[in-house]
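Record features (TrEMBL):
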type	residues	note
TRANSMEM	14-34	transmembrane segment
TRANSMEM	73-91	transmembrane segment
TRANSMEM	136-157	transmembrane segment
TRANSMEM	163-190	transmembrane segment
TRANSMEM	256-277	transmembrane segment
TRANSMEM	297-319	transmembrane segment
TRANSMEM	331-355	transmembrane segment
TRANSMEM	375-392	transmembrane segment
TRANSMEM	399-420	transmembrane segment
TRANSMEM	440-463	transmembrane segment
Amino acid sequence: MLALRETMERAEGYAFTALCSTNFLVACLLFATVSREQREPYMDEIFHVPQAQKYCEGSFHEWDPMITTLPGLYLLSVGLIKPLVLAVGWTGRAVCSTAMLRFVNLLFNCGNLYVLSLIVGRLHPKDKTRSASRRVLSALALSTFPVLYFFTFLYYTDAGSTFFSLFAYLMSLYGSHKIAALLGACAILFRQTNIIWVAFCAGSVVASKMDEAWRTERSKKKDEKSLSQVSLSVSGAGKVLRFSVDYLMTPCNTKAVLLVIWPYVAVAVGFLGFVVVNGGIVVGDRTSHEACLNFPQLFYFLAFTLIFSAPVSVSYGRIVSFLHSVRKKPFRYLFVTFTCLLLVWKFTFVHKYLLADNRHYPFYVWKKIFQRHELVPYLLVPGYVFAAWNFAETLKWKSLFWNLAFLVCLTAATVPQKLIEFRYFIMPYLMYRLHVPLPSVFRLLLELGFYTAVNAATLYIFINRTFQWPNSSDVQRFMW
């Protein structure tokens, strides 16, 4: 039996290695096509590429004020490219060319696939011996998540930001909190908002300890029904709130928590110091990145999540269950719907970029759907309610403590953003999708096929469906 298990593990290792190699080969072919058609920097690359090239030349004191993120991508690019070109003997413009810089993200794509596979295996240990194909397919599908995959072929911060954020979460799952905090700091150097996912790593640890304390307390009271994970319900929230206050107000519990999460606290303190010295989170141009309470952003994310997770989270039975829930508790859903309508009415903000830049898909989503009629944003609210219910229903196997931590981080990652930008949804979506109960092979194949079709369509449109603005001779392309 042991020999059979070892043979299966070796076979799984060989299969995954072959999968990684194939994934990298396909990405290289697509990368060559994109770079051949779009040789010059495009969109945000016009800021990122010259800045990285300055670092390649050793001009670390020069900074483009239009760049709003920290220099993690440029520093790592130089750290990877310089030793390579010295070994090969390359000189001149090829050293840090646009194509060479873009290639760095292909490495991150491979890294994301590997890290995702490890996270899936860690989060779903019960399926470890009997569902190798499901775990591999799940990791492959997530690594080809369309919004993330598209920016693999351009010199953007998304691939590296996602890699370090996921790597930090993986290390926190293994209990290596010092390494996780260090990786979280690296993620912040790619994008400042990744401080949210550092906080999520800490929040997950606190949630785990509170789960343990809850089970211990209920065990002493011989409350067998409460030995399972805390249910995600309104009635459960009241009990949990009282328990949380009592737990965190106990000095020994507070000390035990701080002894574990102090590396994350150290990163948070350092980040707070940066914010104070910098005068805000954004570096460079702050006029286009002003924070606001854009609560409908959370609704847009839920709708976005519903669409992209539909192959693994939506079914006929799930829809019937939602309708039964509405019928049983109509006043609760009326209250939720009314609250959503109020938030849409009072807190909808429209960024100037959303209305002006017709190269991005959100421009057309807003123009073709939201601006079709003034009532459309309100008519979409029932869809948001179903998306929120489906979101919560999918994660109900996680404890309420964990769900509360995730909800806080999700809100912090979406609501303050004024601009509707699908790239901002990458990390929240991946964190949600990673915690979806491991789907069947059939559903995973549907998801992978769906993502592949979307990727093929978006890359085809980017490469072949070019256009020009009336006052410019430059070629424009559609993108996420």
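Yeah, the Cβs are placed from backbone N, Cα and C, and that goes for glycine too.
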Query: Of the stretches 163-190, 256-277, 297-319, 331-355, 440-463, which racks up the most C-beta pairs under 8 Å with the transmembrane segment (14-34)?
result: 440-463
Query: Under 8 Å, at least three CB pairs between the transmembrane segment (399-420) and the transmembrane segment (297-319) (pairs 6 or more apart)?
result: yes
Statement: Stretch winning on C-beta pairs under 8 A with the transmembrane segment (440-463) (pool: 136-157, 163-190, 297-319, 331-355) is 136-157
- line: Counting only residues at least 6 beyond its ends, the same-chain positions whose CB falls under 8 A of a CB in the transmembrane segment (297-319) are 145-146, 340, 343-344, 380-381, 383-384, 386-388, 390-391, 393-394, 410-411, 414-415, 417, 420, 422, 425, 428-429, 432-433, 436, 439, 443-444, 446-447, 450-451
